[in-house]
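**Student:** My questions will all concern the structure given below.
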Amino acid sequence: MANGQSSDSSALQKYGIPFYSAAWVPYKELKSKLDQARSDDKREEEESSKESDASAPADKDGDSVDEGPSTAEAQKTDGPAASEYYVVLAGGGGEGRSGIANAIVVARFDFASSALSPQPVAKLVLGSELPYRMAVHPKGDGLICAMQNSCRFFEWDEIEENETRKLDVKVSEKALDLLQDVGQQLALAYDTDSSTLAVGGEEGNLRIFKWPSMEVILNEAQAHSSVKDLCFSPDGKFLISLGSRGPGRVWDVPSAKVVASLPNGTDEVFFSCRFAQSRDNSLILYIAAITGKGGSIVTWNTSSWKRSRSKHVGRDSISSFNVSPDGRLLAIGTTQGDVVVVDSTKMGVQMVVRKAHLGFVTALAFSHDSRALVSASMDSSARVTLIKEKKSGMYNQIKANRNQTNALELEELLSVSPGL
């Protein structure tokens with residue numbers, strides 16, 4: 001996939017649903033939970049089998065016969081390997097009779113072939129409820145979606161199909177009573193260790209809960225005129241909230257107090273925020289902003305909560321934003337359907353996928369190892385972009401190494417040939 005060029009490949013798939021949210025399934029953590037659940041089920045079956053041993057067939061000596069696993073059981077293959085990659089997407093046509101389903105879709109991504117599965121691995125249709133926003137539990141418990149008036153929790157599952165176990169998603173029995181009849185929520189976020197959930201609403205209410213108990217930490221009715229985005233610091237101590245207008249706010253989560261305000265410029269509308277750990281382990285806050293000249297990224301010092309720099313990144317407005325888990329890269333989706341990857345240190349463009357989608361990019365998420373970026377769009381498509389090193393940087397390094405080698409060869413020649 002060349003810089004500045006669009007690419008039609010199996011990394012781009014259309015699933016027939018306008019997407020508003022996208023994330024990677026934390027499959028390594030999830031698989032351990034699924035394996036444990038399968039082991040518990042097997043143990044229960046064995047205990048149940050022991051209770052019925054008296055009625056089992058007996059051999060000539062009176063001992064019960066161990067008939068071994070059934071043919072069907074023996075033929076069943078294990079579920080997907082822990083190293084496999086899945087993306088989860090949410091969206092739909094809304095409440096109207098558009099004929100477009102509202103659903104949660106799971107697709108598999110294969111790194112070897114750089115391909116998304118052409119058909120969903122799993123699809124949960126949600127009737128008239130549109131999952132407008134989504135947050136995936138980092139430890140593999142499931143995911144929460146914001147519907148038009150309430151929030152619902154969904155769990156991962158495994159089903160057997162053609163003697164093979166497949167990843168699936170199902171409605172959870174866990175009821176989020178405190179998030180029923182609360183209006184449209186526009187922002188959802190878990191902290192890194194999955195112990196805290198933050199929810200921000202269209203009406204400006206900000207709620208913070210302990211997870212999974214749903215004990216209320218904060219319920220601020222007018223945090224903003226409308227809450228647009230939320231993000232936790234890696235240690236879970238701070239929460240950043242952005243509104244539709246005006247400054248951002250820094251919340252100290254343990255005390256549930258505002259500790260700083262993040263003023264926007266006269267021509268800036270803050271759009272999205274993400275924390276990152278820099279290469280020297282310092283904590284950085286990035287805010288994507290929309291200005292009259294296009295999109296910009298504002299970097300903040302998290303000790304003083306002062307802005308340290310602002311970088312213009314393009315003429316098109318930003319429609320989605322995210323930061324890689326290793327903190328090296330920033331991803332920007334635009335209203336023109338482009339996907340831009342920026343080096344966080346130099347703030348230089350590393351990759352561009354022109355017209356990655358036909359519609360504006362609604363969601364971006366890096367894989368947990370920062371090797372790939374999933375993007376989604378209202379045009380019903382999802383795309384996975386593999387992260388590549390900037391070619392010009394590699395070329396310059398090769399050129400520098402070659403020049404250094406030539407200089408050493410010349411120095412060696414001069415030392416043995418003084419007359420030259």
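Just so you know, glycine gets a Cβ as well, placed from its N, Cα and C.
It should be emphasised that the depicted structure is a prediction, and the values quoted were computed from it without experimental measurement.
Per TrEMBL, compositional bias 'Basic and acidic residues' is recorded for 33-42, 49-63. Among the features that TrEMBL reports, region 'Disordered' is placed at 33-77. Look at TrEMBL and you will find 197-268 tagged as domain 'Anaphase-promoting complex subunit 4-like WD40'. The repeat 'WD' annotation in TrEMBL covers 225-261, 354-384.
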**Student:** So how many of the residues in the domain 'Anaphase-promoting complex subunit 4-like WD40' (197-268) end up helix, strand or coil by DSSP?
**Tutor:** 0 helix, 38 strand, 34 coil
**Student:** Helix, strand, coil: count each for the residues of the compositional bias 'Basic and acidic residues' (33-42), based on DSSP.
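**Tutor:** Grouping H, G, I as helix and E, B as strand yields 10 helix, 0 strand, 0 coil.
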**Student:** Just to be sure I understand, if DSSP states are collapsed into helix, strand and coil, how many residues of the repeat 'WD' (354-384) fall in each?
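**Tutor:** Per DSSP, the residues of the repeat 'WD' (354-384) fall into 0 helix, 16 strand, 15 coil.
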